[in-house]
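Student: One structure is given below, represented as structure tokens, and several questions about it will come after.
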Amino acid sequence: MVDTANEKFNGAPIAAGAQRNAMNVYQAVTVASLIQAETADRADMGKVARVIFNRLERGMPLQMDSTVRYALGRTAPDTTAADTEFDSPYNSYRRMGLPPTPIDSPGEEAVRAAISPTPGDWLYFVTVKPGDTRFTADYAQHQRDVAESEALRKNTGEPPKR
């Protein structure tokens, strides 16, 4: 498995793509792991990648629930405000930059998105319901999208997502 990963991730296209984005291959794989952990929807992977890069470029914390779940050893999407205070180098609410290691095993689509993110100005995203992930650069709009997501979850009995 390690040999296969080394072959896949250390190829010239991955290295060139990482370099284009001012990263090394390890950082590109870490970004791809975040993308994989945040969405299974191939159509959204490039946008999630762009959110990551835009936030890093602006010196913003990533604030991704997937990093908190990883730090806490959870898979359920029920991140609470208290969870985001957990002290861990993987908690992207409390730490700046990328986590120290990948948090998921990225697939080829996530790696492609990490080295060729979709152009856009997005800084925030939330999945309101399956198939409806909303991306925006406007924090007020993001808050409205989050409120809609939480209201839908409350009405369906699903746990709230942060």
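Including glycine, each Cβ sits where the backbone N, Cα and C put it.
Note that the coordinates shown come from a computational prediction; the quantities given were computed from them, not determined experimentally.
What TrEMBL records for 79-105, 143-162 is region 'Disordered'.
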Student: Using a Cβ-Cβ cut-off of under 8 Å, list the residues of the same chain that are 6+ residues beyond the ends of the region 'Disordered' (79-105) and lie near it.
Tutor: 27, 29-34, 36-37, 56, 59, 61-72, 160-162
Student: Taking DSSP states H, G and I as helix and E and B as strand, how many residues of the region 'Disordered' (79-105) are helix, strand and coil?
Tutor: 3 helix, 0 strand, 24 coil
